[in-house]
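A.B. asks: Here it is: the structure, laid out below.
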């Protein structure tokens, strides 16, 4: 999984998008001239909120079940997946249905990202799992749980079984229409973009050079670095100290930038002053003992002096 170089900004960006979504979903009504308009806008804001919140919670549950870590980045991605999924039907489904929409959107995001990672497909923005998988689910979701009275109010449709979600007694035509829209959208997008990227590839404009890719396009194209600190290949540790009160788990992998440690002044101070003092590190987390348990003797890895020295100089 691709990590961000600045988790606080990732979190801030997520909430900015969440707030911005209210100008995207409710405001799409364009005006509030009648009580019916006000009801539609309020319902849309409610379903948007519930889908985002439920998807974020579900994503957090999934990632904790898999890794036993409370992963903030996955939670943020889950929130965005819930926002994407509810957009298609935000004005025509009930609040309880929005929760279902978000709960299903979360595994689309989490496992979709894992699928790309398994096939070694680079998608650092999680665009496929967010907009493709969550978006497809959101479009089909309308064909399942759209209410007739909401469809009549919002889209000025005459009463008909054709505009009712399947689970509300519809005849399936709405679901078929939604499925057709998904297929047409995929065919149109893939057809157009394949030709575009094929041409760019033939002209040698699709990929940047290895040096530019390694340095980052922020540095190569803009002349400025977006990173908090310089990237390094050093792994800080795989697991922290297991104590009687808590477990510190700084799980790292080679794709993570250790520069993110720079945003943790207390940990940085421990590293700088004591090398890797696991007792003190555990005490930072509220443990009275800070000792490794005998049942987990391999809770840390040993590193050579040069690696520890280079890591301790991240400040």
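Backbone N, Cα and C atoms are what each Cβ position is placed from, and that goes for glycine too.
All annotation found in TrEMBL is predicted automatically rather than curated by experts.
Relevant sequence annotations retrieved from TrEMBL are reproduced here:
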type     : residues : note
COMPBIAS : 284-298  : compositional bias 'Polar residues'
DOMAIN   : 4-226    : domain 'Ammonium transporter AmtB-like'
REGION   : 282-315  : region 'Disordered'
TRANSMEM : 7-24     : transmembrane segment
TRANSMEM : 44-65    : transmembrane segment
TRANSMEM : 72-89    : transmembrane segment
TRANSMEM : 128-146  : transmembrane segment
TRANSMEM : 175-200  : transmembrane segment
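Walk me through where these features lie, including what they touch and how far apart they are.
C.D. replies: Outside the transmembrane segment (7-24) by six or more residues, the chain places 45, 48, 52, 72-73, 76, 79-80, 83, 87, 260, 263 with a CB less than 8 A from a CB of the stretch.
Long-range contacts of the transmembrane segment (175-200) within the same chain: residues 88, 136, 139-140, 142-144, 165-166, 206, each at least 6 residues beyond the stretch ends and with a Cβ under 8 Å from a Cβ of the stretch.
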